[in-house]
Amino acid sequence: QSPSVLGNQSSLNFEEIMGDYFGDRDSNDSDSNYSYTLDYEDTAPCHNHFCPLFQRVAPPFLSVTCALAVLGTAALLVALAKRPQAWQWPQSRTLVAQLALAMGLFAALLPALATGIAWGWHLGTGLCRLAHLLWHWSLFAQALLVGSGSWGTTWARWDPRSRRLAMALWAVALLLAVPAALAGGTVAGTGCVRRSVGILSPAYLLHLTFLLGLLLLLPMALLVATLVVPRQRASWRAGGAASWLFFGLWAPYGLGLALEFLLHAHLLEPTCGTFERFDHALGLSEGLGVLHCTLGPPVLLLARLC
């Protein structure tokens with residue numbers, strides 16, 4: 001049977017050829033331009049050139065991103081410690097400190113991922129799933145923190161109410177990240193991929209629902225509420241929109257995953273040209289999202305200074 005982009009797990013999964021920062025093809029594969037045959041009338045092979053490009057570009061990109069993220073997060077934490085009185089609502093010290101913690105957790109995973117892409121993932125399925133869990137825990141925690149900070153003044157002070165909210169948000173974020181860990185795993189021996197199960201598996205469908213809800217539906221709902229409720233616009237004028245950089249950077253990736261689902265579920269008609277361009281677009285959108293841990297700290301600092 002020919003390897004199929006849209007085939008089942010006995011065939012080559014499209015996840016193995018896309019620009020996914022948790023995955024890579026076997027670096028010992030002698031064919032750097034993989035050929036694929038689609039599951040429809042057109043039997044011409046689809047040649048994909050993204051995997052070799054991804055394996056060359058991703059490790060240095062993730063390494064540089066991690067280094068810049070560490071410097072930016074350190075500067076943000078120093079500013080929080082040296083001038084605590086300067087951080088007031090809506091960018092309160094309590095909220096920004098938790099955002100810095102989540103961005104630091106995200107950045108801490110990048111060296112292992114860069115190493116796994118460059119030389120193969122040899123740490124096993126368990127650590128691969130743990131990496132997925134921590135990766136998405138940090139993302140979901142930031143989404144919930146930015147969302148809660150955009151509505152209400154609970155984070156204006158660190159009191160029993162805000163402490164309970166913080167514990168609840170981090171616990172919910174961890175719970176929502178569990179399907180991502182269950183859907184991820186190792187493929188082809190050394191690849192730690194985002195999706196090692198079928199597109200219609202319960203774990204992946206649940207993960208996709210949570211991710212699209214937090215990265216797309218939540219910011220859309222908050223944006224509408226901000227435009228409708230006058231008092232919410234005051235937080236934007238006071239610099240509250242700075243933390244929305246997170247949603248802006250990750251929204252294209254959410255849209256890409258939604259399109260990926262439609263293609264794999266045959267709800268959109270696939271062509272060779274579609275897939276040859278799509279994995280580039282999805283990889284670039286994920287790379288844009290990864291930059292949030294680098295751009296987030298300086299943007300928060302500049303918003304407070306201005």
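Cβ atoms are placed via backbone N, Cα and C, with glycine included.
The annotation transmembrane segment is assigned in TrEMBL to 61-80, 100-121, 133-153, 165-184, 204-229, 241-263.
Of the recorded ranges 61-80, 100-121, 204-229, 241-263, the transmembrane segment (133-153) has the largest number of C-beta contacts under 8 angstroms with 204-229. Cβ atoms under 8 Å from those of the transmembrane segment (61-80) belong to residues 21, 86-87, 93, 96-97, 100, 103-104, 106-108, 110-111, 113-114, 117, 287, 290-291, 293-298, 300-301, 304 of the same chain, restricted to positions at least 6 beyond its ends.
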